[in-house]
């Protein structure tokens, strides 16, 4: 395929992915808006006032970056996992397999679709958070880079999940039993300084911690860990997951006999 | 000379150990209307799956218009359009979006794709359904949608895997008229079907596959010439009161004596039967083949190999 043709194929996949999550907005865009509003109201407003300051900020200010990041992570992941799995389930993935679109373009198309939803939901949640607190972005560059890299990383995670999934249960098991606990334990609601030493060390094994903290640094200017180290961790995971996803696609894992 | 499809020593063994293809050789010429026939599980869909990249082969070579799929599958894929056996589109997408999106996967710009989508959807009588979600279409419409989608990149070879399964007679006829026109315009057609009369009427060349091996690969004409026996049904204008027999022509009475079947072997003529009936004063109101001739051969070839 010529470069221009590859670009058209790439845009086609992204357009289709965006069209998909916009078409089913009551399932994709509305739930995170409602859930996060409840988080802001209950944890931030009601309980947060009793908790007091954390990291030098009000509890509401402290959890907003974490909650925005949590929405981005969950939505990037589930967009790719559900879209790719349902293409497998309906066999419509064959439309791509019979075409000359290279596998790396297929992968990037799906990932960018996930990123688009992650960013869109992130924007909605950010706008909603402004009803509860003031956000003053301390480092716009770090904020944008972390958001994009995190959504890329979790879109790739969703892709690997969908490749191996054989039923819709398999698509929901990973988010429920792995992603949500990692996110909750990734410093969304607290600083790891509050934890006993052993749990602090264990928390450092959680990749979500690095993303939440890097993003919090971008917004509030505070972080439990070094932002440079966080970026390195995120980038490393992306390289590994991208290579693995491409390997699985080239092998035809779960999609070719 | 470059062939449309050239397959040599193609093998496929599934992870379960099942050997779906045992080293088949097959050539389809440019512009041909080619039938690939075989019972269920014979290896037809595996062969087609390998051609269009849905199945990984275990061994052998496949070239599409001279392009080896191991060397440049992307180019080879551009020559192919596939209409699979099962519906494989997103049921929530509209007809128009399904076709235009497929064009995008081939690197065709949206403007060109929209023009072609209009052309093929109109030809296949689906234009008025362009904004309908595909799940709302009837079975026949879904089949036509898959044909339009397969043609959107204007392939040189169109593979149709049992395209008329479950399609009513009228629609089947109009679908074949459309496919015949495509073939006349130069598109090579490869067809698998269970309706053998379709293969006999439409195809010039034929391959019969059974248990992963090609058991016959010739022209439909040559194949029919090998037929040794045909059964004809004669419908009479009145009931035969006393059953008769004709020397050398096995007869079976059916339809309460209003009709009979007679087997005509190679070298015999139907004239003998007519002469006999005339002498008896029996009038024939109609006559037809009992079954499709190709079907008889097909059954014989499959049985011979078992």
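These residue numbers are counts, starting from 1, taken along the chain as shown.
Note that Cβ sites are derived from N, Cα and C of the backbone, with glycine treated the same way.
Transmembrane segment is the annotation TrEMBL gives to one range among A:104-128, A:204-228, and that range is A:104-128.
Against the transmembrane segment (A:171-192), the recorded stretches A:29-47, A:59-78, A:140-165, A:229-249 differ in Cβ pairs under 8 Å, and the greatest number is found for A:59-78. The largest share of C-beta pairs under 8 angstroms with the transmembrane segment (A:140-165) comes from A:229-249, of the ranges A:29-47, A:59-78, A:229-249.
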